[in-house]
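What TrEMBL annotates here:
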{"type": "TRANSMEM", "residues": "6-24", "note": "transmembrane segment"}
{"type": "TRANSMEM", "residues": "54-72", "note": "transmembrane segment"}
{"type": "TRANSMEM", "residues": "101-118", "note": "transmembrane segment"}
{"type": "TRANSMEM", "residues": "130-148", "note": "transmembrane segment"}
{"type": "TRANSMEM", "residues": "160-179", "note": "transmembrane segment"}
{"type": "TRANSMEM", "residues": "199-220", "note": "transmembrane segment"}
{"type": "TRANSMEM", "residues": "232-255", "note": "transmembrane segment"}
{"type": "TRANSMEM", "residues": "275-297", "note": "transmembrane segment"}
{"type": "TRANSMEM", "residues": "304-325", "note": "transmembrane segment"}
{"type": "TRANSMEM", "residues": "331-348", "note": "transmembrane segment"}
Amino acid sequence: MISFNILFFLFWSIVIIGLIVFFARRRKKGAHPANDKEWYLQFVLSKEDAVSQFFILLSIFFLGVTLLAFNRDLGDPFSWRTILFITSAFGLISAYYLKAFYALAFGLIGTTAWWGAQATEWIQGKDIKTSAIFAGLAFVALLFYSLGHLHEREMKWKRFALVYLGLGIISITGVLFFLSTKSGLFVLGDMTKGVSFFGSWRITLSLFIFLAALVGVAFYTMAKKLVSPFEFLAILLLTFLFGVIALLPQQSMFLQVGDSYNYYSGDQELSSSGVLWAIIFNFVVFFELLGLIFSGYLRRETWLINLGALFLFLLIVVKYFDWFFTFLDKSIFFISAGILLFVVGWFMERGRKYMISNIKTQSQQIPQ
């Protein structure tokens, strides 16, 4: 079980780090360091720097494996969660001391995973709603996003801003994406079963700390004009949404609750509350992605435009399958899907290239 948890954590760490590096590298190609607002990404992603940081990341990972082995030889005096926390904390310290880009991502993911696992342990035997843990993780993701903009205040921390922003954006978008589907609504309804999180003082204290830190950092970045008023409002609205989820009474998302096959295949019909939440999440994720694209355009950061365009394209495709697959004739469905993919892909690529072209033109007009 411990080995599976370690491999699962390592897999998602590599995936998220890979996504951040992929979209940042797309920006690196053809850039002009003298007038490029994102010049610091080129330094972060240079081959020499990447190799050294990769070995730092490997050393941190093998430290965790070594601690697990010693702990097992000594009779497991500490839980695997404690080892994960120690390794992640060491990763964060190493990241800021050595300016290690990859180690920071590993440390942030590991610390978040530690809290999620520890919170799950805290509610064992208390029948507390798991929606509180879900909300706590969402608060952490929003905090990462706010801290990302806070790191942009000083030039020496701009490289770390990419990690915080990437983790926050990918996590929040993924959560909203999942909750906007029938399977996500089923999971949400299941998470609202049980008693309030106030039954565990540890969970309550954790949520209060996360919320206070998130609101404090968000107001500070707004006061220092590191985020636009619209970004600040979006952070507050998402915080409110996830806070409501933590306090929700038990929700019945479907008229009849059946087995897992039924809700994955779309056989079940949404209840009135299920329809309401489906509308809310679809509305929120759509405008969150539009906001991400326009935020990248206003900030002249093309990696945000690329990331937002990719997620928006995936959202349109998934929603087409989610909404029309069950009642359209299959031949009509797939013919329409092909046409939709072509038209949407063509328009989105033209819009993306137009935005990026304008950004490059504006950058070249800046006096050197």
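We count from 1, first residue shown onward.
The backbone N, Cα and C atoms fix where each Cβ goes, glycine too.
Just so you know, TrEMBL annotations never went through curation; they're auto-generated.
Within the same chain, the transmembrane segment (199-220) stays apart from the transmembrane segment (275-297): fewer than three Cβ pairs sit under 8 Å, each pair at least 6 residues apart. The transmembrane segment (275-297) and the transmembrane segment (54-72) are not in contact, since fewer than 3 Cβ pairs between them lie under 8 Å (pairs 6 or more apart in sequence). Within its own chain, the transmembrane segment (232-255) has Cβ neighbours under 8 Å at 129, 131-132, 134-136, 138-139, 142, 145-146, 172, 185-186, 188-189, 192-194, 196-197, 207, 211, 214-215, 218, 221-222, 263, 268-271, 273-274, 277, 280, 284, 288, 291, counting only residues six or more beyond its boundaries.
Listed by sequence, the residues of this chain that lie at least six past the ends of the transmembrane segment (130-148) yet keep a Cβ under 8 A from its Cβ atoms are 108, 112, 115-116, 119-120, 123, 161-169, 171-172, 175, 188, 190-192, 194, 197, 203, 206-207, 210-211, 213-214, 217-218, 221, 227, 235, 238-239, 242-243, 245-246, 248.
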